[in-house]
Amino acid sequence: MSLALGCVADDYTGASDLANTLTKAGLRTIQTIGVPEAGRALPEADAVVVALKSRSIPADQAVARSREAERWLRARGAAHVMFKVCSTFDSTDAGNIGPVMDALRADAGETVALVTPAFPETGRSVYQGNLFVGSVPLNESPLKDHPLNPMRDANLVRVLGRQSRSPVGLIDTATVARGAEAVAARLDALAQEGKGAAIADAIFDSDLEVLGRAILDRKFSVGASGLGLGLARALAADGRGTRDAAGAAVGEPVGGASACLAGSCSQATLQQVAAAEAIMPVLRLDPARLLAGDDVVAEALAFAEERLASGPVLIATSAPPEAVRALQAAHGVDAAGHAIEAALAAIAEGLVARGVRRLVVAGGETSGAVVDRLGLTAFLLGPEIAAGVPVLRTAGRPEPMLLALKSGNFGGADFFGRALDMMA
């Protein structure tokens, strides 16, 4: 295997989003869960996205896991490695974007890294270094209340500067408008100034293509799926990659039952859970009861077992921001989050034991916990359910499953029903 592009993603849903983007752009793409074991055979691919669950763990652990993934990708021919982060730049002043970026940039031998979470197609744009979600700055969007990484500053030069050991510069809209050569020259100038990173503006998808061309022959970059799109299109224009038809098939239909799990507390997921009540039985578990020691896992599995023969069910721990803050105040941010993730992962394991083979999961941390608990190691990419969310088919599992792993903020109100329809 000789890769045209290697990617290290800091969570599982983000990895699926990026792999979906690369597949649509014509690259044969595989998503692995963690670094594959030695000797594990994978299908031929143009790009591999190594999915880690490293966004909210201690920074030193995130760095170690990311470096291992980068080494694996380089050993398989990846001349360029992209560190995939969330399009809302989810992080705190302690990381993990800055520490991982610093380490991977140093390993790649680069002096400066281009960084942009922009993806205009999904409403994420960067102007003068400020990240916008739709028409509002990041710090005025619902992300200001993110339960793990509340985003209270839209200026990414400042945000990344507080995390990185190196100063951070800016590649502004005017420079991007002048084309790839101007962007490359600006990167070189910033490197001469001692900058270790450069936030790049991008307002239109065409800006992403400019950025992709500018960095294609550099060794490292940081971005969301939008930058992946720019790189994929640059690779295609350069004659690299196979240009497979977009939206690979997921093979033969998968039998068994269907279920949905929701752990995200984003406004989008809360709306999606409410909409799902019109089309399937929904069990809303009270996270406070879980943290008080009640056996909500057994309760959820009993609820599902009574209903799965008749159709899909949805089990949710999603709660509004004020309820989340109260739980975190009482139990601690990490303890509350980990307990809820572990419970949903145990429920997922129980659902699979009861015959579920099509599973939809809402929430990045929840998806990571579920995939780890089920022991899934790699996915093939299928059709797109909503922007950034593909159908995934397990690879290397004796009895295949179909999954959808959704970042909390992605998808319309009808997401759960739409996902199940596309998996049928």
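Cβ from N, Cα, C; glycine included.
Following the DSSP three-state reduction, the secondary structure of Ser264 (ATP binding site) is coil. Look at Swiss-Prot and you will find Ser264, Gly363, Gly364, Glu365, Thr366, Gly408 tagged as ATP binding site, backed by similarity to another entry.
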For Glu365 (ATP binding site), the three-state class that DSSP assigns: helix
Annotated ATP contacts Ser264, Gly363, Gly364, Glu365, Thr366, Gly408, maximal Cα-Cα distance (Å, integer): 10
Cβ contacts of Gly363 (ATP binding site) (under 8 Å, same chain, 6 or more positions away): Thr13, Ala262, Gly263, Ser264, Cys265, Ser266, Thr269, Ser318, Lys406, Ser407, Gly408
Site of maximum Cβ density within 10 Å, from binding-site residues Gly364, Gly408: Gly364
